[in-house]
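**Q** Checked Swiss-Prot, it gives:
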- 13-246: domain 'BAR' (DOMAIN)
- 49-74: region 'Disordered' (REGION)
- 251-448: domain 'Rho-GAP' (DOMAIN)
- 287: site 'Arginine finger' (SITE)
- 467-740: region 'Disordered' (REGION)
- 469: phosphoserine (MOD_RES)
- 473: phosphoserine (MOD_RES)
- 566-577: compositional bias 'Pro residues' (COMPBIAS)
- 593: phosphoserine (MOD_RES)
- 595: phosphothreonine (MOD_RES)
- 659-672: compositional bias 'Basic and acidic residues' (COMPBIAS)
- 694-713: compositional bias 'Low complexity' (COMPBIAS)
- 715: phosphoserine (MOD_RES)
- 721: phosphothreonine (MOD_RES)
- 725-734: compositional bias 'Pro residues' (COMPBIAS)
- 738: phosphoserine (MOD_RES)
- 739: phosphoserine (MOD_RES)
């Protein structure tokens, strides 16, 4: 038991110490650290470089893999987008050619990239990965063997020491010792193999360096191939640009003429020919400006090559064409008379004799470049023709020189310097340029020889759209005296498509409408009013007049015989009784309304408004006698309150009511037995008087007229409520006769 316990103790010690590495000498530790650095470097390079394809690099089976990888490349996707854009454009456009060329270049670049990646995988990544898989893996295996043998050797060594300490038999101690010696020899061999393998890897450092060098060479080859394709594509693009017509505005005259293979600038020829054909008689030609929007529109249309002959209607205004000519000359990088000869022209202008000026100008014109001389000759000939029509266009040679000289000669301006502008020099130079240009226009035959052919590339009489107005000038129709109605010219816009509204038919002096036969001699009348058979429309019958009251009818003004005859009495309808209110019962309806005690200086908010008591209508009283009450001075009776007809109303009705009343009274007297004509109050009359008032007399009536009626004072601060209208009673009969 004691021996077994000792063995278990030794095994436990060995087990606890198995993870601990044996102490190494300094040489192996340094070699191992260097190998670890190599391993880390190679692993990073292999991880970052393109991964190996499944096909194994080059070979017959790698073409499909290469195509798949090419289509996944970003350059190939860009090429597809460029090709799609190029297909949507016409083939004669420079942009379409450039897009197609760039698409081919991007595809080639994608193929070059994939080829470079495959070469990198084959020449660099494969070799580095072989070092990792073989060399580094072998070193790791040897290292594990050394660690295992070292652990075994340590265990045997401790067992030998324990056997000696426990005084084991000699045979057993010798056996353990022999095992220890054999393990030690094995450990030394494995250490040597491990060290040799690591040193071999270190010796292969040149191979690792050569792999990196091959990667760089591969990159150079890729960029060289790509550069060749880029240069070839760039050359084709440059040829396309050279074959394309340059932008006309802001381009040097020589470059524009070279790219278009012309002798005269296209803008100069187009403007001059258009103005020669339609515009020489335009007043203020080349002097009158135009709208900036129309100028910009035509300029950019010419730059975009959107405007071609025949010119559309929007680009036929002679003032716009003249402004385009001046703008083109002004935007040239170098003036038409050049910077080099600027001082010579200024010096010539200082000569006092015109003959000396002409001689020196003719000598200096020979120094102009060929392109400038040809265009100057062409332009000045056109200006001289315009000057010949100065009686119509009001543009003499002096006026033309003032307008055109700033666009043909100006000094060089140094934009880099911060020196102040020489305004005096600019004024002097402009006056000198006016003198030079005026001589070139007025004395054109002296400076130039031969005649100018204006229509070099354009066709005469085909510069404008046929069937439409070829001139939009402002004085086109000033001299017409015909009677035909003309529409106002519309400049730069299409004519109205919608037909105009027809004018009303004309009338003669008597207000009679003229028929189509009377206006048949007028062409515009025929157009507006075509001859048609007029249909007679029947006039509707007049409606019958409304039933008016008898006192408002026209016949009421003159009493007829039928009005004087007795008429049957109208049916008597009793008046509807009006209930008496509480206010009327107590006699409070005639009390004055309380008003606000305020001064003129008080504000509206300094007192409280006291509204008036609502006024109730008076209960109508029946007359004391059956007759019409005597009218008062104000034309109102006591019982009617201004609602029943008064005597004035009867008189205004021209006696119509009076005749009816007399007839009714006569019949009433006959029924009551009143034959003597005296006014006696009957019992019937007294019974009908519910107020039991005595009969009204003339004195009472005068007293009532003199007695003032109590009224409610109305103040501006009181609120009045409208009175309820009273129900008028029918006019009762009277027992008195009229005086007539």
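Cβ from N, Cα, C; glycine included.
Remember, predicted model here, so these are calculated numbers, not experimental data.
Explain the structural surroundings of these features, please.
**A** Cβ-based neighbour count (10 Å, all protein chains) for residue 287 (site 'Arginine finger') stands at 16. According to DSSP, residue 287 (site 'Arginine finger') is assigned to coil rather than to any helix or strand.
Taken residue by residue, the compositional bias 'Basic and acidic residues' (659-672) breaks down under DSSP into 14 helix, 0 strand, 0 coil.
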